[in-house]
Amino acid sequence: MDLYEHQAKELFDRYGVPTLRGSVVTTPAEAAVAAASMDLPVVIKAQVKVGGRGKAGGVKLARTREDVTSYAALILGMDIKGHRVDKVLIDPGVDIAEEYYISFLIDRSHRRFLAMCSVAGGMDIETVAKERPGALAKVPIDPEKGVDRAMAREIAKRGHLPDDILDTAADSIEKLYHVFTETDASLVEVNPLVRTVDNRVLAIDGKMTLDDNAEKRHRDIFADYRDNSHADPCELAAKEVGLHYVKLDGNVGIIGNGAGLVMSTLDVVAYAGERYGNVKPANFLDIGGGASASVMESGLRIIMEDPQVEAVFVNVFGGITSCVEVANGILSALKQLGNTFTKPLVVRLDGNEVAAAQEILNSVHHPLITTATDMDGGAQKVARIVAERSAHASAGK
């Protein structure tokens, strides 16, 4: 789960990391009220879960009370890389002498943590990393040893932070590491970590990603910070019934059992779709290894509610899962959805009780159900169906 900046900074503050605590508002009028309690200038910052806000115009320095209102009105409603701005953070301004960069993340390829630090923080850190890789220190962290004050100082030193600020910066870096590990985050990033003109070190920005698999260990954080206002309705529905769903930008709904099989299904549908034009997978949906009829029904119901989906490809290999259960789930979904079930369904089953399952599906003679004997053939069928329906719809206009 990605956090908004203000949420990350709340966690920083909880762990003693010096930061700014502003006010989150949703209207220009609220922005004016929040800024009234602060000295000018103040900073108006778009709250979106994506980088590049500054370059997109989502961060403004307001030097007057009028600026506060006008900048808030400008930023609210803005689209930043596909993310609509519904709230802004009003932060007090600070006199910045230098901007640094610090982050902790998981280095999966080496099965360890990684700290990254640079004296060249700010909006151009990605350019720095690309054009001056030596300016961005990458320091491996042994999870068993962690980061104490001495290691934190070493990270700051390797990032070429000035000698006279190393100890102060190390205090923040050590505490940020505790934020990283104790919240089960996969990323904690501060850009910039600033040195003020009076030699304070402040985390004036914050970015965090929490591991969804650790939600049971941090129910309070997830409950407080989960924001479903921009979540896809299908993703929310899938989560409620314990299914793994990822929204994609295509038009063929995909249901399979096992992540590997679903990924392979995405590939074959995309490949088949190239032959027929703009036919692509619309989602990733894994119903699991022991899927029951009710789970199959839930999966179909979720995908059928996606207006982007024009047809569905069910690709299940029956190991633990009985193909009969899958077939019964499909028929149950047909019955429950009734007249709202209007999208063609291509079903490819194999493995445990496949013959009985195929007999169940064939016996109903449903006009929207097509069966396939192999994955490639099923992908070709569903791609052709979508292409033909699209052509028919275009001809009718």
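Cβ coordinates are placed from backbone N, Cα and C, and glycine is handled just like the others.
Positions annotated as ATP binding site by TrEMBL: Lys45, Gly52, Arg53, Gly54, Val94, Glu99. Residues or ranges marked as Mg(2+) binding site in TrEMBL: Asn191, Asp205. Among the features that TrEMBL reports, substrate binding site is placed at Asn257, Gly319, Ile320, Thr321. Residues or ranges marked as domain 'ATP-grasp' in TrEMBL: 9-223.
Site extent for substrate: among the recorded binding residues Asn257, Gly319, Ile320, Thr321, the largest C-alpha separation is 10 Å. Around Gly319 (substrate binding site), taking its Cβ as the centre, 13 other Cβ atoms fall within 10 Å, counting all chains.
Counted within 10 Å of its Cβ, the other Cβ atoms near Arg53 (ATP binding site) come to 22, all protein chains included.
The DSSP secondary structure for Asn191 (Mg(2+) binding site) is strand.
Sequence-distant neighbours of Gly52 (ATP binding site): residues of the same chain at least 6 apart with a C-beta under 8 Å from its C-beta are Ile80, Lys81. Arg53 (ATP binding site) sits 11 Å from Asp205 (Mg(2+) binding site), taking the Cα positions as reference. Counting only the Cα atoms, the space from Asn257 (substrate binding site) to Asn191 (Mg(2+) binding site) is about 41 angstrom.
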